[in-house]
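J.: This is the structure, below, for whatever I ask next.
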Amino acid sequence: MLLIIIFHAYYLNLKTLTNQVCPSDICICHGSSHQCRCYFNQAPYCDGYQPNQTCLINPGCIGCDDNSSCLGCISQKQFVDLSENCVDCPEHCQTCTSGSNCQSCVTNYYYLDQGDCIQCEFPCLLCNSQQNCVTCISEQFYLISGICKKCDPPCFTCLNQSQCLTCEDNSFYIEQFQCIQCQIPCSTCQNQEFCLSCISEDYQLINGQCIKQCSLNCLSCKNALYCIICEDGYYLNETYSCVKCQDSCENCLSQDKCTSCQIQYYIKDYDCLQCQLPCLTCLDEQKCTSCVDGYYLFNETCNKCPLNCLKCDQFRCYQCEQQIQLFNEGCIDCKNPMNKYINICNYQDCQDRIWTYGEICDNGNTYGCFNCTIQKGYYCINIFGQPSQCLRCSGNCIECFTDKICRTCRDGYFLNLNNQCQQCNLECQTCIYHPNNCLSCKINNLNYQQCDLCENNLGYYTDFQNNLCFSKCGDSIITAVEQCDDGNEINGDGCSSICQIEDGYYCTNGHCDTLIQGDIQASYQEDNHQSPSKQFIIQFKNHILNSDSEIVPIIKLQNCQINQSLIIVKQNITQIDNLQHRIMEINIQFLNSCKKDKMEVTIVQKSKNKSKKNIILSFITFQIFDVLLIDEWKEVFNEILISFNQTLFYIFGFICLVTFLTGTIEVVYNAVDLIQMFSFLKYINVNLPYNLQQYFNLFKFAQLQYFQNFTQQIALQFLSPKELEQYNFLPVKIKKDGYYSYCLLNYPFLIILIVFAIFLYPFAKLCLAFVQKLYIGIKEDDDDPILLKIKLILLHMKLYIQSSCHYVLNKLYFSGFISAHMILTYDILFFSFLNLFDIKLLFTTKNNFFIAINLYLAIFLNILHFSLLFVYYSMLAKHTNLLKQKSYIRKCGSLFDGLKIGTTSCTHFYKLFTTIKRTIFMLLVTFCSSFPYCQSLSISFLSFIQVIYLFNYKPIISTVEYRKQLISECCVLLLSLFITLIILMHDTHQDMLFYEDILGWCSIILMSLLLLYQIILDIKQQFILCQKKFILFQKIIQALQTKLSKAIENFGSNQCHVQSNVVLFY
């Protein structure tokens, strides 16, 4: 270490060296005299100063002065002799000034005034004189009056004569520094209450207690009633039990015969008699064998010790009473002020202004000495029996012998050859021998291995008060402790007032800018709710980063549990000019079902150097959709219900086909209306349970959207993909199903139906003209019955086609149009209402024909619909007699067909009422998506009103149709209430997910049963109608055959001479 220190001093002197070249690599040019100083292995040694001289090795010298004199030795166990060489101190010396003068001794030795180190006598470890020990060699000895004495048994180690630390063995235990023997029957113990082992096998150790298996006080026995040997102090009687001896007896044969006595007793004729004081033990009343404290035994007699002596013999006292010191074989009371001058007492009274041997100083606690201790910066002159004279050391000296001889200097100063404190160089914290010979630096500079001021490093300044380097924020110089420096101390400009990069900024060359440029785009892929894996996409632009940092997202969710180890972040980075376009795909694995949770994404700039903190760039909050992890049994059960309903739809489709062919399509009107309404219920703005959502997807076919991809391609001819999404302002759930706010994109199937209806009228005209020109000839001589039947069937078909064409021409374009309008109300209003979301585009977008025509078409359809409602009302408001006329029924009978007329003014308005209800229903579904409670409760209210209307007025003639309508509306009312409960549960805690599932199952079962009920009734009605039409058909055929036979007979009688006759029917 000293070599390194000297090497530091060597570097500090380099600033004053000249360009003189020294003759060897261990010589350093020094001073203005162009002289050489010699160094060897970075430690200087002394020779001359002439440039041509070589360096002579002088091992051990720490440095030389200008006179080539050794300043000191590297080793503290060496001293500089008269030849300027470093030689070893005498044996046993720790430090010395010469071969005959030790300054300090090694351990086990003491310091004598003559400068010799002599070993202390055993068992002393340290001593200050031959007769006075300071410390003992181990704790088996204790110090008393400067003498190390062995601990008295049973103590093994002790603090003093009366306080034990450990005992000789485990048959004793420590209690209040006393070794106390374990109580019988314990052999070894932890304390008086807890035994570790017992004295014999007759005892059993149970929970720290020695439980005797023999009878009480019996040491050995054959059994619990037969004792063989008794404990001390007991004897064995005739019944082989132990009886206590007399108190004075230690052992006895009987109650009257003692064999040994207790202490302070002696035996005589089997009787124990008490010894006479001061005998402790005796042979008889005249002969003592030991004495009590304060007496010694001589010639079987106890004699008193000298005053204050506790233990002695006839020659000397070797133990005094407590707080009495042994001195010159006598006992001295050190508390007596008369004895305070005796060295052995080490008397101390720091306020009596009298210095004694037990004090370092004593001037009555005035300056320089406090509580008999010399204060720093002072030295004291002590004269025995007089006050200490304490004086200040010379300046910058903290310990001194006199004002001229300093012992220790304060930091920043060193002890020179005159034993005075001299200041070190400014950069040194401590130094030795020379001001530039630093032992420690004020400012540590590990890069240069030397003491330097902070100003040598650009941007740093020296704090001399705290000995620290500091940098100034705002000086436009970036240091290691600064992340940036823009020349000011203003917060909010990217570089803070403490020169740290503020969150979200990027700084380079003193200029700061936001790291992320522009807005951050975030999206959430929520297609599959039941999948545990979800994907989030974040897009933004940022400045190009350094290679030692990267941008990463930190993800946190409030309620949902995620697997942090399975979070996958994929980044797609493309560079555009000086910016990076970054797309982050974040895939998260969820561990539980949760709803309405928020995901917090913190985008940070992470340094690859772990010692640097992360910089927050932006903070994004996602309102994620519900995460539903579906159990396998729920999936199976849901698939069963969906399969069942699909079967019902196939059956219903077959029924619709049959009704269309048989002309009884009105039978399925109610079921069609119900299915259409179910298909739009899913647009109530609530996250439905997974089972109910999957079930509602079955009804999508009822929305007549069969050309979605085709219509989208058409739209792309007029709008760019960006505009197509940008101008789509629909509610999320509707947009998710692929709808656009453009009528022409949503109406392709309806347009086909309208076109079909337009061309149906001229087709019926042409068909009627063609059929009327078609003649079917039946000859008189047609004897073939099969040919005759075929002609009759063709004749019937002709009549059927004629009646159908008349039906289309006379009724379909009035009453049929009304029926079609009522059936298609849901779809027409849904698509036209969706286009109204873009009404503001009429005023914001120009020169876009496609947008304009869609909006105008939607407005026209809405005006047309509400106008038709008014027209329907006007038609129904006519007098009931008019409503019963055939011409009026043929024209607008669809408005009141199957309803009661004349009973009350409300009954024949029922179909108009249901149409208005459909209109309100679609208004709620499309325009009230922000108010789910309003949607569900309003639909419930509409169904409730219709149930009351049906129940009170019973407007439907057919009982079957009435029941179908009433039960359907009751089920819709119940279903809407279920959805309201789901909305309520969704706004509460996620523990409601189980109950939401239950409501979902209930809703599915309710709708499935309702559809099954409707289909069964429709099949029954269709069967009855087909049966009636079949009977009617048979009657028509029979009537035709009868008329044909009569006509042939009449014609034959009148034309008997004609060879062949033909009857024509048209």
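Every residue, even glycine, has its Cβ placed from backbone N, Cα and C.
Quick paste of what TrEMBL says about this protein:
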| type | residues | note |
| --- | --- | --- |
| DOMAIN | 88-118 | domain 'EGF-like' |
| DOMAIN | 181-211 | domain 'EGF-like' |
| DOMAIN | 213-243 | domain 'EGF-like' |
| DOMAIN | 274-303 | domain 'EGF-like' |
| DOMAIN | 392-422 | domain 'EGF-like' |
| SIGNAL | 1-18 | signal peptide |
| TRANSMEM | 650-672 | transmembrane segment |
| TRANSMEM | 739-764 | transmembrane segment |
| TRANSMEM | 812-837 | transmembrane segment |
| TRANSMEM | 849-873 | transmembrane segment |
| TRANSMEM | 920-945 | transmembrane segment |
| TRANSMEM | 966-986 | transmembrane segment |
| TRANSMEM | 998-1019 | transmembrane segment |
J.: State the non-local partners of the domain 'EGF-like' (181-211) in its own chain: residues 6+ outside its ends, Cβ under 8 Å from one of its Cβ atoms.
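T.: Result: 154, 169-173, 175, 218-221, 231.
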J.: Could you put numbers on the helix, strand and coil content of the domain 'EGF-like' (181-211), residue by residue per DSSP?
T.: 0 helix, 19 strand, 12 coil
J.: For the domain 'EGF-like' (213-243), how many residues does DSSP put in helix, in strand and in coil?
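T.: The domain 'EGF-like' (213-243) comes out at 0 helix, 16 strand, 15 coil.
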J.: So which residues does the transmembrane segment (966-986) touch in its own chain, when a touch means Cβ under 8 Å and the partner is 6 or more beyond its ends?
T.: 595-596, 626, 670, 674, 677, 681, 684, 686-689, 692, 932-933, 936-937, 939-940, 943-944, 946-947, 950-951, 992, 995-996, 999-1000, 1002-1003, 1006-1007, 1010, 1013-1014
J.: For the transmembrane segment (920-945), give me same-chain residues lying six or more residues beyond its boundaries with a C-beta closer than 8 angstroms to one of its C-beta atoms, as numbers and ranges.
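T.: Apart from its flanks, the transmembrane segment (920-945) reaches 677, 680-681, 683-686, 731-734, 825-826, 829-830, 833-834, 969-970, 972-973, 976-977, 979-980, 983.
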J.: Are there residues at least six beyond either end of the transmembrane segment (998-1019) with Cβ under 8 Å to its Cβ atoms? List them, or say none.
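T.: That would be 637, 641, 644-645, 648, 651-652, 655, 667-668, 670-671, 674-675, 678, 688-692, 695, 960, 963-964, 967-968, 971, 974-975, 978-979, 981-982, 985.
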J.: Which residue counts does DSSP give the domain 'EGF-like' (274-303) for helix, strand and coil?
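T.: Split by secondary structure, the domain 'EGF-like' (274-303) comes out as 0 helix, 16 strand, 14 coil.
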